[in-house]
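Down below is the structure, laid out as structure tokens.
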Amino acid sequence: MAQFVFESDLHSLLQLDAPIPNAPPARWQRKAKEAAGPAPSPMRAANRSHSAGRTPGRTPGKSNSKMQTTPSKPGGDRYIPHRSASQMEVASFLLSKENQPDNSQTPTKKEHQKAWALNLNGFDVEEAKILRLSGKPQNAPEGYQNRLKVLYSQKATPGSSRKTCRYIPSLPDRILDAPEIRNDYYLNLVDWSSGNVLAVALDNSVYLWSASSGDILQLLQMEQPGDYVSSVAWIKEGNYLAVGTSSAEVQLWDVQQQKRLRNMTSHSARVGSLCWNSYILSSGSRSGHIHHHDVRVAEHHVATLSGHSQEVCGLRWAPDGRHLASGGNDNLVNVWPSAPGEGGWVPLQTFTQHQGAVKAVAWCPWQSNVLATGGGTSDRHIRIWNVCSGACLSAVDAHSQVCSILWSPHYKELISGHGFAQNQLVIWKYPTMAKVAELKGHTARVLSLTMSPDGATVASAAADETLRLWRCFELDPARRREREKASAAKSSLIHQGIR
């Protein structure tokens, strides 16, 4: 009997269909238990009997609370600042400045620091706002290009950045003969006056050509045999012409009277570059020295600048008269102040990146701290500088000798004259320095460039003994009339006689 019970228990275990003691309930058991729910209470039963005859309006078991909707308009109390108007660097500076002691400064020093801040930052730090409520972000300074400008600026693209489709003649408007012009890279032999008179130095003579009437006049001829004219420069306002000679003289001529007013001798070598700053005439010599002449007084030589070891072949005053740029055969570019500092006449900046002689020197007319320079055959580069920070803003390989650079304020462009191998003039777009056009026609290297007073015509003197006039910056009639009205309203700044 015991054996039968043992076999029966063994058989039931092997079948595996009997419930396992203390095992968790099966899934179907759990579902059935959940569907049955808790035992109904009397209150819940009464409510169920009261609503048994009503059709449910929603899915059973779903909450009858009102659905939340998104408001049609956001609240008016949320402030989102413009990123372009949040100047974090200025904010950090202003916050840290509060903890510093206030050092009293003279009004002159404050004005000087304000000018530096405007040139470096593009805005006045003292008047800058950290966060500003505004409808549109402020425009970038004119001539300034960055990738964020496209993203944050909502204003129309300025004319300097907009692509132009103007017609640029590829042929010169007029060709004049320039016999016996000296083929010397270091000389500055042409200049155009505000009275629309072009002065050209041909060996030992200076000729004047009136662009208005076409008349030609010989102003002077050197007295000593072997002497020649090495530079010419018109005063900005007036009828006076400065002439530099190979005999180290600087002559001053009254063009209307065709009379030499004075002969200034302070250099020891030929004078290859001249430039005016009101009544101050600056002259650069082969000795490497720059002299300032006050043409109003008898003792004209008022300053000597010694920053070059070889000939000074490029000399330009800034439009505001605060800086003088000089380029030399020693591959240097110096930026000088208009007045001596505590240490005397010391350059504010010295640029050494050029690998050749620097004759092409030109200041930007609408940005007084921007300077363009061009190198000779060993360098062949055009470089744009910020003279306040000393940074090189851009550099472009011109693939040939750069003899001269001019700025066009009408179209925000530059034009440069070149030597071998194509002897061409090249127009560049600023600040991208993209090539706009090439003007070819000279059969020898270009020596000098000068621009007409209306800014529409460029005259190029070359070693092929020709003077070519290019109307490459012609204005439309409306803009020309506006410029003529502005020019007529200006009065002359020269009220003192030159003696």
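Note that Cβ sites are derived from N, Cα and C of the backbone, with glycine treated the same way.
According to Swiss-Prot:
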type: REGION; residues: 20-81; note: region 'Disordered'
type: MOD_RES; residues: Ser41; note: phosphoserine
type: COMPBIAS; residues: 61-72; note: compositional bias 'Polar residues'
type: MOD_RES; residues: Lys66; note: N6-acetyllysine
type: MOD_RES; residues: Thr70; note: phosphothreonine
type: MOD_RES; residues: Ser72; note: phosphoserine
type: MOD_RES; residues: Ser92; note: phosphoserine
type: MOD_RES; residues: Thr106; note: phosphothreonine
type: MOD_RES; residues: Ser153; note: phosphoserine
type: MOD_RES; residues: Thr157; note: phosphothreonine
type: MOD_RES; residues: Ser161; note: phosphoserine
type: REPEAT; residues: 182-221; note: repeat 'WD 1'
type: REPEAT; residues: 224-263; note: repeat 'WD 2'
type: REPEAT; residues: 266-303; note: repeat 'WD 3'
type: REPEAT; residues: 307-346; note: repeat 'WD 4'
type: REPEAT; residues: 353-395; note: repeat 'WD 5'
type: REPEAT; residues: 397-438; note: repeat 'WD 6'
type: REPEAT; residues: 441-480; note: repeat 'WD 7'
type: CROSSLNK; residues: Lys485; note: ubiquitin cross-link
type: CROSSLNK; residues: Lys490; note: ubiquitin cross-link
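Tertiary proximity for the repeat 'WD 5' (353-395) is limited to same-chain residues at least six positions away from its ends with a CB under 8 Å from its CB atoms, namely 116, 119-120, 142-143, 185-186, 313-320, 322-323, 325-333, 335, 401-407, 409, 412, 414, 416-417, 419-420, 428, 430-431, 433.
Here the repeat 'WD 1' (182-221) has long-range neighbours at 176, 227-234, 236-237, 239, 241, 243, 251, 253, 255, 258, 260, 272-274, 286, 311, 313, 329, 357, 359, 376, 401, 403, 419, 444-445, 447-453, 457, 459, 461, 463, 467, meaning same-chain residues at least 6 beyond its ends whose C-beta is under 8 angstroms from one of its own. Just so you know, of the modified residues Ser92, Thr106, the Cβ with the fewest other Cβ atoms around it within 10 Å is the one at Thr106.
Here the C-alpha separation of Ser92 (phosphoserine) and Thr106 (phosphothreonine) works out to 25 Å. Residues 185-188, 269, 272-278, 282-290, 352, 354-363, 365, 368, 371, 373, 375, 379, 385, 387 of the same chain lie 6 or more positions beyond the ends of the repeat 'WD 4' (307-346) yet place their CB under 8 Å from a CB of it.
For the repeat 'WD 6' (397-438), the residues of the chain that approach it from at least six positions outside its boundaries are 143-145, 159-160, 164, 166, 168, 170, 185, 356, 359-366, 372-377, 379-382, 384, 444-451, 455-456, 458, 460, 462, 464, 470, 472-473, 475, 479, judged by C-beta separation under 8 angstroms.
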